[in-house]
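Participant: Mind having a look at this structure? Questions to follow.
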Amino acid sequence: MELTMKKVSVIAAAVAATLAAGSAFAVDFNGYFRAGTGISGNGNADQAVNKAGTGRLGNENDNYYEFGFAEELKTGEQTWKVESMIAQGNSGANGWEDGDFNVAQFNVQAKGLLASDQEAVMWAGKRYYQRKDIHITDFYFLNTSGTGGGIENLSVGNQKLSVALVQDGDNTNSSGYIFDARLANIGLWENASLELAMAYNFATEKDSKNEVADDGVLVSAILHQGLSNGFNQTVFQYGTAGYGAQAANFWGAGSYYARGTEAFNDASGFRLLNWGVINLGENWEMGHQLAYLAGSDIGGQFGGDGANKNTYTGKSFDIDQYSVVVRPMYKWNDTMRTVFEAGYNAGEKISNGGLATEDFGNAKFTVAQAWAMGDSFWARPELRVYGTYLLDTENDKAFGDDDTEFVVGIQVEAWW
C-alpha cells in the first residue's frame, strides 16, 4: 500500500509539474484546413480543373487538414522552439475515410545561440522551409521543404542570409539533396525589397550504382513592392535539368526532383510571375495572378503503369503557357462578402505518352457568397456557397460528352 501511494505521489507530482510548465509556456496551436463538396452537371460529384492556372475558388474537390503544435522555451537570451505538424488529405466522399497521416513538420529552431548575431536561427528536423506561394491559385513556386537543417537570418549588413541542406528523395541508385541559399531584405527604392534564392539539387550514388539524371540549379529573384493599398510581387525563376522542367510547368519548384531518368538533362526553363492583393475603394478588394512559363528541350516520358513508366522517349520539346487569374471581392458588411474569380490558362504541353505536344486551354468562372470572421481579403474562417463554370477550349469531351461543366458547392476554409 505504501509503495502504491508513493507511485501515485510521483505521478501527481509529474502532472502538477506539467500543468505548471503549461501555464508558463503556452503551447501554440496552429493549422489550416479546407473541406467541402459539390454537385456537377455530369453527375460526377465535385470537379476541379488545373487550379494553379485557373484559380482555386470553387475549384477544389478535396479535403485537406494541417494541425500544428509549437512551443517556445526560453533560457537566458536563447529561445528554443519545438515545432510539430500532422497533415492529411482525402476526397471527402464519406464520413469516415482511411488515409495516411503525414508528419509534415517536426523540428527544433534555436535563436540566440550566436553571441555575434542574436537574431540568427539554427534548426534541424523536418520543416516547411521558407515556402513561397500564391494563395488564390495554391501555387507554391518555391518549396524546398523536407528533412534537414541549417541556419537562417544571419546578418550580412542589412540583409539576411539563410543556408540549408535538405534531403530530397531516395531510390535504388542514389539519394537526392538540396542545398538552399537565400539572401533577403535587399533594400531597393521606397517600400521595395528583393530576395534572391538558389537551390542546387544533387545526388550521391550508391555503391555500384549510376544515377542517370543530371544535377540541376534553380535561381529565383523575388521583388516585393509595398503599396498604400496593398502589395505586389514579381518573381523570376530560371532552372536547369530537372529544375528546368519544373520551372516550365505549374509543378512547384524545389523538391520532388526527377531522379532515375535522363529525360530532363538538357532541359532549361523559366517563369515570370506577378501577383498581389489591393484595396479598390472602401468595399472592394482584389487579388490576381499573371504568369508566363516556358521551357526548352523538355524530354518526353512514357506514361501508364508499365515497366517503361517515366522512361525517356528520346524526344524533347519546347513548351510554354500563360495564366491570368483575378479575384475581386465586394464586402457587404464586416462579415458577408461576394467573391468573384475568373481564370484562363493555355499553352502547349507534352502529350501522347511523351511522344508529341498538344495545345491546351482551360477557363473558369466562379461566383461565391461568403461569410468570414472579419472583412479583410485574408479573413478566415470563411464559409462559401459557390457556382463554378468550367470550360475546356481544346477538348470537346473533357467533361463526359461536353467541353463545359457547371458545379454548385459549399466549402469552408480556415487558418489560425
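Residue numbers in this text run from 1 along the chain shown.
Glycine residues also receive a Cβ, built from the backbone N, Cα and C atoms like all the rest.
Computed from a predicted structure; not experimentally measured.
Sharing the record's features from Swiss-Prot:
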| type | residues | note |
| --- | --- | --- |
| SIGNAL | 1-26 | signal peptide |
| SITE | Y32 | site 'Greasy slide, important in sugar transport' |
| SITE | Y64 | site 'Greasy slide, important in sugar transport' |
| SITE | W96 | site 'Greasy slide, important in sugar transport' |
| SITE | Y140 | site 'Important in sugar transport' |
| SITE | F231 | site 'Greasy slide, important in sugar transport' |
| SITE | W378 | site 'Greasy slide, important in sugar transport' |
| SITE | W415 | site 'Greasy slide, important in sugar transport' |
Participant: So which of the recorded sites is most packed in, judged by how many other Cβ atoms lie within 10 Å of its Cβ, out of Y32, W96, F231, W415?
Facilitator: Y32
Participant: Find the one among the recorded sites W96, Y140, W415 whose C-alpha lies closest to that of Y32 (site 'Greasy slide, important in sugar transport').
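Facilitator: So, of the listed recorded sites, the one sitting closest to Y32 (site 'Greasy slide, important in sugar transport') is W415.
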Participant: About how far apart, in whole Å, are the alpha carbons (Cα) of W96 (site 'Greasy slide, important in sugar transport') and Y140 (site 'Important in sugar transport')?
Facilitator: 29
Participant: Ranking the recorded sites Y64, Y140, W378 by other Cβ atoms within 10 Å, which is at the bottom?
Facilitator: W378
Participant: Using W378 (site 'Greasy slide, important in sugar transport') as the reference point, find which of the recorded sites Y140, F231, W415 has the shortest Cα-to-Cα distance to it.
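Facilitator: Nearest candidate: W415.
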Participant: Nearest of the recorded sites to F231 (site 'Greasy slide, important in sugar transport') by CA-CA distance, picking from Y64, Y140, W415?
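Facilitator: Sorting the recorded sites by distance from F231 (site 'Greasy slide, important in sugar transport'), the top entry is Y140.
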Participant: Give me the CA-CA distance between Y140 (site 'Important in sugar transport') and Y64 (site 'Greasy slide, important in sugar transport'), in Å, as a whole number.
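Facilitator: Per the Cα atoms, Y140 (site 'Important in sugar transport') and Y64 (site 'Greasy slide, important in sugar transport') stand 16 Å apart.
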Participant: Between the Cα atoms of Y64 (site 'Greasy slide, important in sugar transport') and W415 (site 'Greasy slide, important in sugar transport'), find the distance and write it as a whole number of Å.
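Facilitator: Between the alpha carbons of Y64 (site 'Greasy slide, important in sugar transport') and W415 (site 'Greasy slide, important in sugar transport') there are 12 Å.
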